[in-house]
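Have a look at the structure below, then the notes.
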Amino acid sequence: MACFFDYKTRAIMFLRLVVLVCMLVCSFAHLQRFEHPAKADGTLSFLVIGDWGRNGSFNQSQVAHQMGRIGEKLDIDFVISTGDNFYDNGLIGINDPKFEESFTKVYTAKSLQKQWYSVLGNHDYRGDVEAQLNPVLRKIDSRWLCLRSFIVNAEIAEFFFVDTTPFVDKYLTDKDHTYNWQGLPSLKTYRTNVLKDLDLALRESSAKWKIVIGHHAIRSAGYHGDTPELINHLLPVLKANNVDLYMNGHDHCLGHVTSQDSPIRFLTSGAGSKAWRGFINSNYGKALKFFHDGQGFVSVELSQTDAQIVFYDVFGEVLHKLSLSKNLHSTM
C-alpha cells in the first residue's frame, strides 16, 4: 500500500511539473503586452526616432531639441525608438555611461519625459544586448523600456514591436563584426515563434489602428534598402492582418513608400543623428512619396477616424505630411 501511495504521489508531482513547464513555455511563447492609455478625448500622439545614440554628436542634440519643441506642441503620450539605440557597438553592460550620455542627458526636454518604447537594432547586437533589456536601466531612467518583441495597447491603436535583427541572415556570416545572440534559444526558433505570435496577436486585435515597428526596413529607398528576409516572412503576416503602418529605422534617413498590393504605408525614421548617405534608390517610381537624406524625426497623431503623420528635419521644419482616414464604425 505504501508503495502504491508513493507511486501515486510521484505521478501527481510529475504531472504538476509537466503543467508548470507547459505554462512557462506558453508564457515565453506569447508577446508581452503593456497598456498605455490614450488621452481623455480618446486621441493619441507620439514621436518616432531611430538610429540616434551618439553622445549628442552628429546633430543628435539638435534633433532632440526639436523633438522637445514638437512634443510639447502635440502633448505627446510617448516616444518610439526604431533601434540602433547606442553606437557603434551597443552597451558594454548595465553600467555603461553611454546609456546616460546618449539618452538621459540628451533627451532632456520636459515633453520627452514620457515613456520610451524601444526595439533593438543591429548595432545594439554588437554589444551586451541583454543590458538594454535589463530592468535595472529603468531604475537609472524610468522612461526606458526595451524588449525584443512586445505589444503596446494604447486603446485606439495597438503597436507591435518586432526585433528584426535575428531575421537578417548576413549577420550570421559577418566577419567584420561579432553579434551577441545571447538570450535567444535559436534564431530559427525565435523567428518561427515571433511570426506565429505576431500573427495571432494581430488577428485578435480590435484596435482601430494597427502599427508594426521594427528596426530593418521592409521597403525603403535608402542606402540599406529593402530587407529580403522581412519581405518573405514578415510582410505576408502584415498583409493578412490589415496592418496600417510599418515603421522602421536602419536607413539613416526619412522616407515614405506605398504598397501596390496593400494599404500598408512603409515609413522610415532612422535619422536621429548621423545621416547624409548621399544615396537614394530611384527605382521605386510613384511608390516613393517622400525621401529626405538627412537628420530628423516623425510625429503621429491618431483619432478614431484620422491619422496625421508629419516628417521634420533637424531644424524642426515640416518636410512631408501624410493624412489617413478610416470609417468610424470599422473594427478592421
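Backbone N, Cα and C atoms are what each Cβ position is placed from, and that goes for glycine too.
Unlike curated records, TrEMBL annotations are generated automatically.
TrEMBL annotations:
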BINDING   ASP51, ASP84, TYR87, HIS252  Fe cation 1 binding site
BINDING   ASP84, ASN122, HIS215, HIS250  Fe cation 2 binding site
DOMAIN    45-253  domain 'Calcineurin-like phosphoesterase'
TRANSMEM  12-31  transmembrane segment
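Location within the structure of each feature annotated in TrEMBL.
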residue : record                   : Cβ within 10 Å
ASP51   : Fe cation 1 binding site : 30
ASP84   : Fe cation 1 binding site : 29
TYR87   : Fe cation 1 binding site : 23
ASN122  : Fe cation 2 binding site : 23
HIS215  : Fe cation 2 binding site : 31
HIS250  : Fe cation 2 binding site : 28
HIS252  : Fe cation 1 binding site : 25
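Ranked by Cα separation from ASP51 (Fe cation 1 binding site), the binding-site residues ASN122, HIS215, HIS250 are led by HIS250. Comparing CA positions across the binding-site residues ASP84, TYR87, HIS252, the one lying closest to HIS215 (Fe cation 2 binding site) turns out to be ASP84. Geometry remark: ASP84 (Fe cation 1 binding site) versus ASN122 (Fe cation 2 binding site), CA distance 6 Å.
Within 8 A of the CB centroid of the Fe cation 1 site residues ASP51, ASP84, TYR87, HIS252, the other residues of that chain are GLY50, TRP52, GLY53, ARG54, GLY121, HIS123, GLY249, HIS250, GLY270, GLY272, SER273, LYS274. Cα-Cα distance from TYR87 (Fe cation 1 binding site) to ASN122 (Fe cation 2 binding site): 10 Å (rounded to the nearest whole number). Apart from ASP84, ASN122, HIS215, HIS250, the residues listed for Fe cation 2, the same chain places the Cβ atoms of GLY50, ASP51, THR82, GLY83, LEU120, GLY121, HIS123, ASP124, THR164, THR165, HIS216, GLY249, GLY270 within 8 Å of the centroid of those Cβ atoms. Per-residue pLDDT, averaged across the domain 'Calcineurin-like phosphoesterase' (45-253), gives 97.
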